[in-house]
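Okay, so here's the structure we're looking at.
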There are 2 protein chains.
Amino acid sequence: MKIISGSLMELSAHLARQTDSQDDAVIEERVKAIIAEVKAKGDQALFSYTEQFDQVALAKLKLDLTEIERGYQETAPEVVQALEAAKANITSFHLKQKQSGFVDAEKAGVIRGQLVLPIETVGIYVPGGTARYPSSVLMNALPAKIAGVKRIVMVTPASPEGLPPGLLAAAKICGIEEIYQVGGAQGIAALAFGTETIPKVDKIVGPGNVYVATAKKILFGTVAIDMIAGPSEVVVLADEAANPAFIAADLLSQAEHDVLARAILITTSQLIAEKVNEELESQLVTLPRGAIAREALDNHGAIFVVEDVTSQFALMNQIAPEHLEIQLADPLAHLSRVKHAGSVFLGAYASEPLGDYLAGPNHVLPTSGTARFFSPLGVEDFVKRTAFISYTKEALAAEKTEVMILAREEGLEAHARAIQVRFEEEKK
Amino acid sequence: MKIISGSLMELSAHLARQTDSQDDAVIEERVKAIIAEVKAKGDQALFSYTEQFDQVALAKLKLDLTEIERGYQETAPEVVQALEAAKANITSFHLKQKQSGFVDAEKAGVIRGQLVLPIETVGIYVPGGTARYPSSVLMNALPAKIAGVKRIVMVTPASPEGLPPGLLAAAKICGIEEIYQVGGAQGIAALAFGTETIPKVDKIVGPGNVYVATAKKILFGTVAIDMIAGPSEVVVLADEAANPAFIAADLLSQAEHDVLARAILITTSQLIAEKVNEELESQLVTLPRGAIAREALDNHGAIFVVEDVTSQFALMNQIAPEHLEIQLADPLAHLSRVKHAGSVFLGAYASEPLGDYLAGPNHVLPTSGTARFFSPLGVEDFVKRTAFISYTKEALAAEKTEVMILAREEGLEAHARAIQVRFEEEKK
């Protein structure tokens with residue numbers, strides 16, 4: 001990987017130049033056409049796109065419960081056990097995110113409060129194709145279950161060999177009973193509008209490719225969505241005492257995802273920079289997805305050598321990475337320097353893949369700098385708030401003047417009169 | 001207003017047919033052109049659009065602090081006082097929404113947790129034109145302040161007479177020091193990309209017209225947005241004991257907003273339905289915005305007469321209204337029947353305008369049925385979450401097998417090796 005040294009100002013300017021302004025007008029038009037077709041033709045469009053894009057002539061969209069059960073049975077017991085262990089950790093972490101509403105009855109005659117209600121129906125998109133992601137099923141479904149979502153609908157691209165057993169095992173472990181074999185923009189459109197077979201949902205969550213992300217964006221408003229995901233990224237902050245082999249392995253675990261994945265090391269040590277590069281080379285040799293990882297490192301990876309820890313965090317916060325590893329002495333002490341990051345891994349043994357699978361925090365995370373404003377997927381994504389107020393006549397009397405003044409200040413006389421009428425003798 | 005009686009099934013089918021499928025492709029193209037122009041030309045485009053759309057040849061975009069102060073001074077003292085009273089209620093309500101992070105250290109060697117961090121820079125859109133909405137400044141800015149947002153940037157359309165003093169008073173009361181006179185899609189684009197004068201923000205909140213809503217939707221992902229707002233609506237549930245004058249006044253306060261506003265009464269009493277209609281007629285006569293209200297009632301209003309309270313709530317939940325008034329006996333007892341609504345007003349004296357201005361819950365609410373999945377604007381809109389984990393070597397050892405099994409199940413060997421390398425003797 002290229003090693004770039006410089007002052008904070010130089011490196012910050014370097015990073016700022018890297019914002020890719022991808023023109024996706026062509027993709028957008030294609031996705032819009034797919035959406036229109038699914039809206040107009042329902043299931044028929046889904047069968048047709050599945051044949052076209054996934055090379056599968058489906059007999060039906062929905063899996064039977066027996067098919068889900070069979071996938072579970074066909075999954076290796078140690079995989080089932082590992083999924084159950086992951087479920088336990090994910091559940092215990094996400095239970096702490098659960099919020100309740102509140103009631104405020106501090107003022108005489110006034111009750112104010114907020115309900116927190118589960119979203120009724122949620123669609124989970126699980127990527128497919130050559131990949132299989134049972135862990136994504138857990139990460140999407142378990143927070144929804146904890147939030148109290150009544151109906152969870154999973155869609156995932158059809159595959160000529162049928163859906164991977166591990167995926168079905170994960171679904172069963174989460175209690176998912178509705179799985180539809182349809183992916184891409186057509187799968188998102190089906191969830192947004194509903195078809196003869198697939199129910200219309202209130203919110204769609206889960207990562208996908210650029211077609212999925214574009215469809216989610218276009219349909220935002222018709223349904224809610226979690227976030228718009230881009231390529232995955234990790235930033236590792238390391239000092240001279242960090243272990244180059246660990247760092248290289250973690251960078252590679254990011255880079256193997258995708259040729260667009262971004263693996264970045266920011267270190268105060270030129271020596272560590274060089275050693276990590278050596279380790280990358282030696283570890284790459286035997287990596288099954290080595291070609292993908294190498295392309296990602298070459299095109300999107302970088303090692304920045306900076307002057308001090310302040311510069312490390314300044315650059316990191318500028319990137320606002322999806323994953324952040326802090327491989328510095330006393331890592332917890334640096335947590336307050338983190339302004340923008342999806343998920344933070346503290347110390348030499350909190351390796352990023354641990355978070356991908358088992359630790360418990362969610363692995364559906366904001367990418368491409370959107371950690372400035374988006375959050376990891378969580379229980380909060382599956383609830384909505386409703387406010388309420390109750391006022392007695394006396395309580396309203398105490399505040400009616402201010403309401404009427406403000407309504408009239410805004411030129412909304414009917415607003416003022418709605419208050420006034422409640423104090424007119426003849427109207428009672 | 002038309003009175004429609006029927007069974008729940010009939011009325012539910014009637015409602016389902018009313019989904020307007022507005023084709024906004026033309027608006028979208030126009031908004032995209034504006035966005036591209038602002039991105040390319042910055043301030044110059046803003047001056048030019050402001051001249052074109054608002055008929056104002058601005059000398060500068062940003063208001064001086066002295067201009068804000070002057071607006072405050074020019075505002076009637078009773079309006080300032082009313083704004084301060086509203087601020088107190090809004091603040092006390094929204095303080096209860098404030099969340100803190102958590103740390104979970106229940107397992108030996110494992111620390112897991114979640115930070116809740118304020119979004120750094122937020123743009124607030126305040127509608128302008130012929131209207132003036134000081135209350136919207138409070139409703140948008142105060143939750144942001146409570147969340148800890150460092151920089152709040154307000155944009156609002158320029159006006160030939162200058163910005164309304166009341167608006168500037170509200171801004172001063174909220175501690176807003178950055179106000180730019182630019183509205184519409186161009187104002188949203190300026191916030192999303194930044195210009196020479198206007199800073200790029202992380203999130204844009206606040207209601208606006210269809211151009212503003214479309215721009216927010218298109219730029220979602222580049223920035224975060226609160227929600228996509230449509231025309232405003234109220235559903236009033238009333239029984240035979242409810243007061244027709246109060247109900248009519250509340251329906252009118254909704255209807256006067258906009259010819260697209262939707263005011264709906266759902267009652268079990270034919271008599272109340274008729275009396276409300278009489279009251280509407282008599283109250284409309286002297287209403288300054290009577291023509292707007294009448295058009296809204298004629299085209300989008302309705303009175304449904306249903307069999308029972310179950311049907312009332314079923315229809316209401318189908319609509320998922322922005323505002324819900326429950327003018328039934330013992331209204332609090334019905335709260336658990338509310339599945340989808342933005343803000344609920346309980347009893348005869350919790351008139352909807354009270355919530356618009358003074359009670360404290362937010363008046364920026366999900367519209368057009370999006371209360372199924374969107375929430376009222378609140379402190380949560382101005383924060384983001386960051387997860388973190390720390391594992392000792394021993395803690396990782398206890399879970400490493402499961403991580404590696406799941407990584408290999410997903411075909412991600414580098415993920416497995418990132419764990420494995422930490423337990424290889426020669427790598428330490």
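Sequential numbering from 1, following the chain as shown.
Glycine is treated like the rest: Cβ placed from N, Cα and C.
Annotation source TrEMBL lists NAD(+) binding site at B:Y125, B:Q186, B:N209. For B:N209 (NAD(+) binding site), the Cβ neighbour count at a 10 Å cut-off comes to 16, with all displayed protein chains included. When secondary structure is read from DSSP and collapsed to three states, B:N209 (NAD(+) binding site) falls in the coil class.
Taken from TrEMBL, the feature substrate binding site covers B:S232, B:Q254, B:H257, B:H323, B:D356, B:E410, B:H415. DSSP assigns B:S232 (substrate binding site) to coil, not to a helix or a strand.
Every protein chain shown contributes to the tally, and the Cβ of B:Q254 (substrate binding site) ends up with 33 other Cβ atoms within 10 Å. In the three-state DSSP scheme, B:Q254 (substrate binding site) is classed as helix. The Zn(2+) binding site feature in TrEMBL is assigned to B:Q254, B:H257, B:D356, B:H415.
Using a 10 Å Cβ-Cβ cutoff, B:E322 (active site, proton acceptor) registers 30 neighbours. Positions annotated as active site, proton acceptor by TrEMBL: B:E322 (among others).
B:H323 (substrate binding site) falls within a strand segment according to DSSP. Annotation comment: TrEMBL describes B:H323 (among others) as active site, proton acceptor.
Every protein chain considered, the tally of other Cβ atoms within 10 Å of the Cβ of B:D356 (substrate binding site) stands at 28. A simple way to gauge crowding: the CB of B:E410 (substrate binding site) has 21 other CB atoms within 10 angstroms, across all the protein chains here. Taking 8 Å as the upper bound (exclusive) on CB-CB distance to chain A, the recorded positions B:Y125, B:Q186, B:E322, B:E410, B:H415 give B:E410, B:H415 in sequence order. Annotation for the binding-site residues B:Q186, B:S232: lowest Cβ count within 10 Å of the residue's own Cβ, B:S232. Cβ neighbours of B:H415 (substrate binding site) (same chain, under 8 Å, six or more residues apart in sequence): B:V403, B:A407. Under a cutoff of 8 A between CB atoms, and with a sequence separation of 6+ in the same chain, the neighbours of B:H257 (substrate binding site) are B:P231, B:S232, B:I292, B:A296. B:Q186 (NAD(+) binding site) and B:D356 (substrate binding site) have their C-alpha atoms 27 Å apart, to the nearest angstrom. Binding residues for substrate (B:S232, B:Q254, B:H257, B:H323, B:D356, B:E410, B:H415) extend across at most 56 Å, taking the greatest CA-CA distance. Those same-chain residues not listed among B:Y125, B:Q186, B:N209 yet with C-beta within 8 angstroms of the centroid of the NAD(+) site C-beta atoms are B:P127, B:V155, B:P157, B:G183, B:G184, B:A185, B:G187, B:I188, B:G208, B:Y211, B:V212, B:A215.
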